[in-house]
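S.K.: Below: one structure in structure tokens.
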Amino acid sequence: MKFTLSWLKDHLDTSASLDEIVETLTRIGLEVEGVEDKAKALAPYKVAYVISAVQHPNADRLRVCMVDTGEGDPIQVVCGAPNARTGMKSVFAPPGTYIPGKNITLGVGTIRGVESKGMLCSGSELGISDDHDGIIDLPEDAPVGQPYAAYAGLDDPVIEINLTPNRPDCTSIHGIARDLAAAGLGTLKGDAVAPVQGRGACPVSVTIEDEKLCPAFALRLVRGVKNGPSPEWMQRRLLAIGLRPINALVDITNYVTFDRGRPLHVFDFKKVKGNLTVRRAKEGEEVLALDTRTYKLDPSIVVIADDNGVESIGGIMGGEHSGSDETTTDVLIESALWDPLNIAQTGRKLGIITDARYRFERGVDPAFTVPGLDLATQMVVDLCGGEPTEAVIAGKVPEDKRVIEFPWSEVPRLSGLDVPPAEAEATLKKLGFSVQGSGERVSVTPPSWRPDVEGKADLVEEVVRIAGLDRIEPKPLPRLEDAVAKPILTLIQKRTRLARRALAVRGLVEAVTWSFIAKDEAELFGGGDGRLALANPIASELSDMRPSLLPGLLKAAQRNADRGFGDVALFEVGQTFASDEPEGQSIKAAAVRRGMARAEGVGRHWDGGAQSVDAFDAKADVLALLAALGIPSGGLQIVAGGPAWFHPGRSGTLQFGPKNVVGAFGEVHPKVLKALDLKGPLVAFELNLNALPPPKAKPTKMKPKLTLPDFQPLTRDFAFVVGRDVAAGDIVKAAQGAERGLIVGVDVFDVYEGAGIDPDKKSVAIAVTLQPTEKTLTDVEIEAVSAKIVGEVSKKTGAVLRG
Amino acid sequence: MTDLNQLERDLLSQVDAAGDEAALEAVRVSALGKKGSVSELLKTLGAMTPEERKERGPLINGLRDKVQGAILAKKETLAEAALEARLSAERIDVTLPVPEAPESRGRIHPISQVIEELTAIFADMGFSVAEGPDIETDYLNFTALNFPEGHPAREMHDTFFLAPDEKGERKVLRTHTSPVQIRTMTSQKPPIRVIIPGRTYRHDSDQTHTPMFHQVEGLVIDRQANIAHMKWILEEFCKAFFEVDQVKMRFRPSFFPFTEPSAEVDIQCSRKGGEIRFGEGTDWLEILGCGMVHPNVLRNCGLDPDEVQGFAWGMGIDRIAMLKYGMPDLRPFFEADVRWLNHYGFRPLDIPSLVSGLTS
């Protein structure tokens with residue numbers, strides 16, 4: 001919402017400065033977005049007289065001018081404008097002036113050997129027009145020495161406020177003035193509009209088909225007007241707030257729209273055929289609107305129609321056919337009320353943004369429907385002449401039944417500020433509320449222009465915003481309990497945080513990638529359910545809620561590689577979506593490693609070969625994460641193979657039993673690499689934090705008792721030859737089971753395939769640690785355990801001890 | 001006698017001359033070995049008369065001790081020399097690099113870090129952390145929060161919609177974290193003190209907007225919480241979060257459908273040299289929106305606005321991260337460029353706490 005200072009002062013009798021006004025507007029909730037004060041910006045520019053303009057001695061296209069600036073001796077200026085001539089009046093800027101159109105600050109210069117002590121300016125140099133063909137050519141009577149801005153009427157500061165949608169009353173300058181007056185910045189002027197005494201009935205009648213969509217419609221004819229350009233003062237104000245003057249009749253409607261927040265429409269009576277009907281548009285109807293575009297209408301849209309058809313889109317934009325122009329002599333002025341919801345929907349549907357829609361969808365003052373018509377009529381008569389008829393009013397202005405029972409104690413209860421009731425009452429009254437009764441509890445009736453006020457809290461806001469929120473002193477919020485604070489994080493919140501730290505400690509860098517990914521990516525990773533597709537994605541590659549964190553991370557890794565950072569290790573801990581229900585959302589942790597980004601070290605190293613990442617790097621990451629989260633590894637199973645996006649032979653699934661899969665790791669499937677245009681090596685893991693078992697509840701924080709054996713542990717090595725597809729894990733498990741009390745550790749320390757071993761076999765060497773607890777083992781006992789281990793491993797895996 | 005003296009001189013000079021442990025061992029064998037010269041002399045003691053033994057014994061034993069001592073001393077010298085020689089041969093180039101430690105390579109994203117920072121602050125003030133789903137019903141995202149159907153305020157939110165279901169209802173990506181206010185108020189009884197950090201979505205993309213961003217809300221509901229308390233909470237938070245002793249805040253009346261009265265809050269700062277400093281300067285920076293929970297919202301949660309009251313506020317996590325840590329643009333937050341993450345991210349063990357400070 002834009003307005004000028006002088007326009008505001010039509011409604012507000014005030015001695016406040018511009019700065020005070022701006023500061024107050026923001027303080028009471030009408031946030032000032034910007035102030036354009038051309039008088040200030042253009043202060044150095046003055047009207048000047050060109051005493052002489054002669055050819056520059058050294059340049060064909062330059063002239064040397066002697067300029068009378070109204071003070072002191074004439075000043076010599078070198079000017080390149082083709083229209084510079086002796087005897088003209090123009091605009092002069094002295095050295096030191098900032099030239100907005102050129103973004104320079106003027107200095108004293110010597111141009112081709114001739115000194116120049118200032119500049120004669122074009123409109124574009126002043127930043128006030130696009131005219132750069134020559135310097136500004138002012139009429140002969142322009143007073144030399146006067147500031148140009150004042151002379152040209154550009155000295156009216158323009159204020160723009162960022163209006164919140166609850167304040168339709170401040171889509172009017174009158175409403176803004178009312179708020180300022182309530183805030184103590186002056187007195188509100190010109191509230192009442194004198195009714196217009198028309199002569200004769202309006203020859204056009206109005207029928208409203210649905211009074212819910214259009215509760216009231218007032219119309220009047222003014223005969224014998226002379227339409228033409230509106231007066232200069234009006235044009236200047238409209239231009240200042242960014243409106244293009246059209247003709248007096250249209251300009252008056254625009255003027256009243258801003259002056260009073262009352263949108264109007266004018267029809268050229270001669271182009272209207274028959275009577276007007278306010279009705280829903282018919283399917284397939286079209287209208288050529290004033291913006292010269294044709295809109296297709298449907299029954300959700302309310303139109304004003306005559307015997308020709310649709311003449312106007314109700315409350316939004318008039319039609320081109322019946323619009324007024326210079327030839328209009330008889331004009332129909334419309335002031336109607338429209339249903340805000342319907343206007344908003346229609347505006348959205350048609351994509352039309354107008355000052356009328358802006359106001360009607362927020363709520364125009366219903367009580368001002370007829371006064372608005374009278375005000376516009378009077379202005380038409382004043383500016384264009386003519387004789388008005390009586391108004392015809394269809395429907396009726398709805399009755400306002402709002403009364404709020406208001407205890408003054410509500411103000412301190414909600415705000416913490418003890419505003420004296422007398423002050424609160426005065427504020428409400430200045431804002432147009434009526435206050436009935438006295439004492440602690442009163443009845444408050446909101447004014448018709450405040451549809452946003454519906455209850456006590458709204459009244460508290462009115463009182464407090466005018467009193468000033470800065471009057472409320474901060475007050476400590478007491479603790480709920482006088483006790484040491486209890487832990488507040490839930491299990492999943494704790495695990496989410498811990499997961500981030502645990503993964504970062506492994507050299508992984510945390511990324512935050514989009515929650516939505518492309519449909520084909522979602523499909524590749526087990527998603528793509530239509531219920532998780534956005535109806536209005538911002539881009540086709542951000543269309544579906546992600547089933548997995550991996551597509552985002554893999555693509556991010558590739559983007560980094562494309563920038564020359566191929567060895568990247570990224571992780572994310574965040575939400576994924578299996579359905580559109582809250583239960584379908586789960587927190588996952590995932591990481592990708594690319595190239596040579598291994599936990600132990602990135603890239604090539606002088607102490608070892610260049611080692612690319614492999615599935616075991618991803619396995620190490622996920623196991624480290626599980627350990628950091630304190631998940632007991634006892635029940636965890638690692639099963640060969642993983643989901644379809646992993647290499648089938650180089651991936652594993654993590655599960656606590658076949659029905660409780662919690663994650664997977666491995667090398668990314670070559671088909672996925674190809675589909676996503678990725679280059680490997682790329683390994684990854686993903687773990688569902690929501691699926692992990694909770695810690696066991698324990699009555700105390702005591703750790704289990706520590707028993708340290710008195711005897712040294714000993715280790716025996718075994719090398720087995722087994723089939724190539726036997727899992728090392730099975731060998732380890734078999735060895736562990738051979739003598740449960742005694743065997744405390746089994747490590748695989750060598751895996752060998754090649755010369756000396758059958759091609760379909762491999763050698764797996766394990767080190768078994770025995771921990772005696774009762775006594776030192778004799779050789780015979782050790783032999784017995786060894787035999788058991790060999791026997792058990794052979795039985796379970798078909799292994800033979802390597803000879 | 002002379003032969004003993006001679007022998008001693010010979011042996012000691014041989015010990016002295018031994019160049020390595022082998023030579024020294026040869027000397028030892030020749031003197032003290034089974035058939036060594038000194039051993040042979042010792043053997044003669046047995047055949048001597050007591051008088052002779054009394055005289056010769058100490059001499060021969062003395063010779064043995066001297067030689068033995070010399071050998072031991074020489075042995076130590078040789079060992080020392082050998083170690084010296086070994087050490088001077090064993091040299092590494094200590095300037096060769098070791099792999100950079102994973103702890104120094106890893107990074108925590110600024111958003112995660114800032115969420116931990118503000119959680120630490122609000123936990124101290126007695127708040128817990130509430131969360132809710134990103135995919136919300138239209139009711140919880142809008143209607144329950146007093147956004148009337150079709151109201152222009154809904155348009156301010158540029159909503160992402162999902163496809164309508166069988167009943168024609170279409171879910172939305174939450175446009176703010178406020179639906180969790182409703183979830184909290186309908187699932188627990190006052191007094192309520194929660195913060196609600198999370199991802200939010202709006203159909204908006206330009207220099208300063210991304211279609212996904214992060215918000216944190218706060219909600220306090222009890223029988224007395226008012227704007228004065230809200231001002232205190234927000235000022236204390238800003239001081240603690242920006243780690244300054246003073247902040248100046250400006251509360252401007254504003255409008256949100258779910259609060260009444262509502263305000264936007266600016267924080268005073270200076271921007272000297274492109275660096276934002278709080279607690280000084282003359283510029284105002286908008287930082288959050290807040291207000292008393294709207295009576296309609298309380299009613300929608302089954303609470304009586306004449307019985308309970310409270311306030312709520314919301315701010316952009318990404319935005320306060322930018323203000324505190326100086327990232328100039330929002331978009332790179334979600335681009336996963338490791339150069340950006342390395343620069344603006346936090347070390348894995350920089351864990352914010354009020355005990356040791358939010359930042360190191």
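Each Cβ is built from the backbone N, Cα and C atoms, and glycine gets one as well.
What TrEMBL records for this protein is below:
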| type | residues | note |
| --- | --- | --- |
| DOMAIN | A:39-149 | domain 'TRNA-binding' |
| DOMAIN | A:399-474 | domain 'B5' |
| BINDING | A:ASP452, A:ASP458, A:GLU461, A:GLU462 | Mg(2+) binding site |
| DOMAIN | A:709-802 | domain 'FDX-ACB' |
S.K.: On a count of neighbouring CB atoms within 10 A, which of the binding-site residues A:ASP452, A:ASP458, A:GLU461 is highest?
M.R.: A:GLU461
S.K.: Under a criterion of Cβ-Cβ distance under 8 Å and sequence separation of at least 6, what residues of the same chain contact A:GLU462 (Mg(2+) binding site)?
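M.R.: Result: A:THR427, A:LEU428, A:LEU431, A:PHE433, A:VAL453.
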S.K.: To what whole number does the mean pLDDT across the domain 'B5' (A:399-474) round?
M.R.: 96
S.K.: Of the residues in the domain 'B5' (A:399-474), how many are helix, strand and coil by DSSP?
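M.R.: Reading the DSSP string over the domain 'B5' (A:399-474) gives 31 helix, 12 strand, 33 coil.
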